[in-house]
Amino acid sequence: MTSINVIGAGLAGSEAAYQIAKRGIHVNLYEMRPVKQTPAHHTDQFAELVCSNSLRGNQLTNAVGVLKEEMRQLDSLIIKAADNARVPAGGALAVDRHDFAGYITDTLKNHSNITVKNEEITEIQEGPTIIATGPLTTESLTKQIMDITGEEQLYFYDAAAPIIDKESINMDKVYLKSRYDKGDAAYLNCPMTEEEFDTFYNALIKADVVPLKEFEKEIYFEGCMPFEVMAERGKKTLLFGPMKPVGLEDPKTGKRPYAVVQLRQDDAAGTLYNIVGFQTHLKWGAQKEVISLIPGLENVDIVRYGVMHRNTFINSPNALKETYQLNSRNDLFFAGQMTGVEGYVESAASGLIAGINASKLVSDLEPIKFPRETIIGSMAYYITHANKKNFQPMNANFGLLPSLEKRIKDKKVRYETLANRALKHLNSFKVML
Ligand code: FAD
C-alpha cells in the first residue's frame, strides 16, 4: 500500500501520523528540528508546546473541553499524552511539557508503521501528503504553498481582535447602525460618555502586555498596530481611530457619543462578533478587564482572545474542503494552525481528521465530513465556510455550533445541552470511521 507523507511533527502532524499508523498504513514523518529550529521551538521533541503549558478548559461547559472529550473518544494521541502528563491546574488540562512531548515522541518513533526523517521539506512531494508545518513554516515551503494555493491566499502576520459571543452583549445598551447610515446597518455600536472613555483609557494604558519576541517586532510595520499601542500615542488617537464616533449618532438620543466601539458580525450564523480595530497584544486577563469596561460588554464572553504573532495560514474558505483536502489536489491535505484553526487542541483535532481522511483515501474509501454538531466538525465547517475576504483563525467555541431548536437562556445549561448533543452525534458517527 502507498505511504503517506506527513510534513511537520507538531501538534497536528503528530496526531495525523498516529491516526494513519494505527490504521496499518505506513507514514513518512518529516520534521526539520533539530536540524533546523523555528524561532519559537527550543527542543527536538515532537508536539513541543511553544508557549503556555495549558491545553485550556477540560470541562464540558467549555467548548475546548468538549473538543478534548470528542478527541478522547476518537483515540487521540495528543489527548492521551496530555491526560498522562497532567499537572494540577483547576478546571484546565495543563501538562508537564517535557513528559507530554516525550510521550508523543516515543510513541511515534517506536511505531512500526512510522519512519521519521529529520529534514526540512522545501518542495511539496507527489503522492498522498499532509502539510502540518504550523504558524512558523519555513520560507521555501511557504513559497511552494503560495504557488499551489494562489499567492493571495497565504498570510504572514496574525493581528487579530478579540471575538465575542453575541449572547453576552447587553443589547439594551448598544444600537445597530452603520457609519453615516451607509449600506445595511451592519454594526452593533457601544456608545461611551467622556467619563466612561476616561475610565476605559486609564485602565488600558496600565494594562499588562505580552512582550513581543524579536521576530514578531516587524508586525508594527505591517500597519496593524495594537489598540493599546495607539492609546500610548495619546488620549485622542483612539478617538480618531477605531473609536471614532462621527456618523454614529445614537438613534435613541439623536446625539453623537463621545466615543464608540463597533462590533462586526464574524460568522454567517451571526452568533459571533469581533471588536473592530481592537487587534491587541494585551495579556488575556487584561483583555477581559479592559473590554468589560465598554458599555454593553460588561459581561463579555470572549471566545477568541486577540493575538499578535507571526502566523502562516492559508485562506481555507477558498482553498480547502471540510475533509481538509486541498480543492485543487485531492491527495494533498493541510492540518494545524496552517488551516486557520487556532490553538494546540484545535490544531491536533484538525490533524486527527486529516489523518483519518488521508488513510481513507489511500484505502480507496471516500474521505468523510465530521458532524457539524460536534466541535471538531464545526471547526472544519467554519474554516471552509467563513468569509473569504477577511478570514481569521478561530478557536473552538460554542458559537460555531448550529443553534438549538429551542433557545436556552441559562448559559451553563445551554452549554451542557450543546455538549451532550455533540457527544451523541459523535457516538453515532464513530461507526463510520
Ligand atoms: P507546530 O506545533 O508549530 O508544528 C509544526 C512543525 O513543523 C514544527 O515542529 C516545525 O519544526 C515543523 N516544520 C516547519 N516547517 C517545516 C519544514 N519546511 N519541513 C519540515 N518540518 C517543518 N497556541 C496555544 O494553544 N497556546 C499558546 O500558548 C500558544 N502560544 C503560541 C506562541 C507562539 C509564538 C506561536 C507562534 C504560536 C502559539 N500558539 C499557541 C499557536 C500554536 O502554534 C499552535 O497552537 C500549535 O502549535 C500549532 O500546531 P501545528 O501542528 O499547526 O504547528
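For all residues, glycine too, the Cβ spot is worked out from N, Cα and C.
Annotated FAD binding site per TrEMBL: Gly8, Ala9, Gly10, Leu11, Ala12, Gly13, in sequence order. The domain 'MnmG N-terminal' annotation in TrEMBL covers 4-363.
Positions of TrEMBL features highlighted on the structure.
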residue : record           : Cβ within 10 Å
Gly8    : FAD binding site : 30
Ala9    : FAD binding site : 32
Gly10   : FAD binding site : 29
Leu11   : FAD binding site : 30
Ala12   : FAD binding site : 36
Gly13   : FAD binding site : 31
Averaged pLDDT score, the domain 'MnmG N-terminal' (4-363): 91
CB-centroid shell, 8 A cutoff, FAD site Gly8, Ala9, Gly10, Leu11, Ala12, Gly13, site residues removed: Val6, Ser14, Glu15, Ala16, Glu31, Phe46, Ala47, Ala132, Thr133, Gly134, Ala335, Gly336, Ser347, Gly351
Gly13 (FAD binding site) in three-state DSSP notation: helix
